[in-house]
Amino acid sequence: MAPKVNRKTVKKKKTEEPELEPLCCCEYIDRNGEKNHLVASFCDCQDLDEGCERWITCKSLQPETFERIMDTISDRFRIPWLRGAKKVNISIIPPLILLPLFLHVASWHLLLGIIILTSLPALTLGYYYLTHRRKDRTLFFLSLGLFSLGYMYYVFLKEVAPKGRVGQGQLVILTCGLFLILIALRQAKKNPGYLKSPVQNGSLPNNGPVELLNRKGQEKVKGYPGDSLGNVNNRIVKDDPKTYSRTSVESPNKVKEDWCAKCQLVRPARAWHCRICGVCVRRMDHHCIWINSCVGESNHQAFILALSIFLVTSVYGITLALDTICRDRSIFTALFYCPGVYTNYSTALSFTCVWYSVIITAGMAYIFLIQLINISYNVTEREVQQALREKTGRRLLCGLIVDTGQYNRGFLRNWHQFSTLGTRTLHPPAEDIV
């Protein structure tokens, strides 16, 4: 029998515990749980001192030391706030500084513009592959996208609109398009369809997995009641074999479900575990770095809407800017031949921003085209990548179109199903049945 604990003594112990002193605007609790001050941000950093010493003596820096330095900097990068300094994600700062700097330098000369505008996509892709390989979640791309929208609109108001070629109605349409983009992005950043773990809800399903010991009795294998080691079919995912496995099971209703050992839940068909968000998403399409969130069942429509509004607004703004900078020329001709554009710094900056917008618009148009093709064939980007790795499915137009044939119900029915994503149905859809 467990000894009874008097509630009064417990209350007295709780009242006797000293309360923490409130933090001032410049104080914070660091990652070690200690109280620190913004003034002492550059103190007591042995890793940073070691890194500077190695840099001065031209010695190589170990990756572990570099990661510790970055963790320390990100933990101490804060701003004064009420009841304690607030932590600021350091990845949002580089776009705010580098983008205006690069665009202003590119507007000095045509050759500088070509070099910088061609190197910006390469640098962005390099940073993407670096963070994607480390499975880090970063706000760099979201900050770059939002700041690009705001800065292009600022340059348009400051350099293009005062020239008198843009009417009030055109400016109102462009401004409304910008606000619609922000509203659609806000909707796209909402819950993409996260699957809640039964452990978090405080209950486990009746057919939940049990831990089975292998023959050696050392390792534990996730299985289901009634299964033995001989009939548990574990297929390790190639992307992250050490994280979780997909176990195909068949319920009485013949619904295809997968067990995620990472989230400790049973996933429905077409759901997948996002390695960056660390959670399972219903009908996951992909993890979008531009919204810093997954695109799934609940926000896929808003994501397509945001892309379409952005493309229309961007093309409209580019058309207005080129018509103002290079008069009496077609849009396509003005992009490649606009004499005298670099004689004036205002027109040079506007022309550089136009080309930057063209590069961004072309990239988003490619993403939009891929999304339209996938919706027409009722496949997700995750299923396309898996089919390409396993060399399954039907490939058309040099791999631009990949038809797995598993969920394709025809063009109209595929688009009808996409238009009804997120709505609750009484009966399971056809693709959930094995």
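Using the three backbone atoms N, Cα and C, a Cβ is placed for every residue, glycine included.
For 256-385, the entry in TrEMBL reads domain 'Palmitoyltransferase DHHC'. On the 0 to 100 pLDDT scale, the domain 'Palmitoyltransferase DHHC' (256-385) averages 90 in the predicted structure.
According to TrEMBL, the transmembrane segment annotation covers 88-105 (among others).
Per TrEMBL, transmembrane segment is recorded for 111-130 (among others).
For 139-156 (among others), the entry in TrEMBL reads transmembrane segment.
Tertiary neighbourhood of the transmembrane segment (168-185): same-chain residues 149, 153, 156, 161, 291, 302, 305-306, 309-310, 312-313, 316-317, 320, selected by CB-CB distance under 8 Å and a gap of 6+ residues from either end. The feature transmembrane segment is assigned by TrEMBL to 168-185 (among others).
Proximity of distant same-chain residues to the transmembrane segment (302-322), defined by a Cβ-Cβ separation under 8 Å and at least 6 residues beyond the stretch ends, is recorded for 152, 156, 160, 165-166, 170, 173-174, 177-178, 180-181, 184-185, 187-188, 190, 288, 291, 295, 329, 331, 334-335, 338, 350, 353-354, 357-358, 360-361, 364-365, 367-368, 371, 375. Per TrEMBL, the feature transmembrane segment maps to 302-322 (among others).
Remote same-chain partners of the transmembrane segment (354-373), defined as residues 6 or more beyond its termini with a Cβ less than 8 Å from a stretch Cβ, comprise 103, 113, 117, 120-121, 148, 152, 303-304, 307-308, 310-311, 314-315, 317-318, 321-322, 325, 335, 381, 400-401. For 354-373 (among others), the entry in TrEMBL reads transmembrane segment.
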Structural state census, the domain 'Palmitoyltransferase DHHC' (256-385) (DSSP three-state): 69 helix, 20 strand, 41 coil
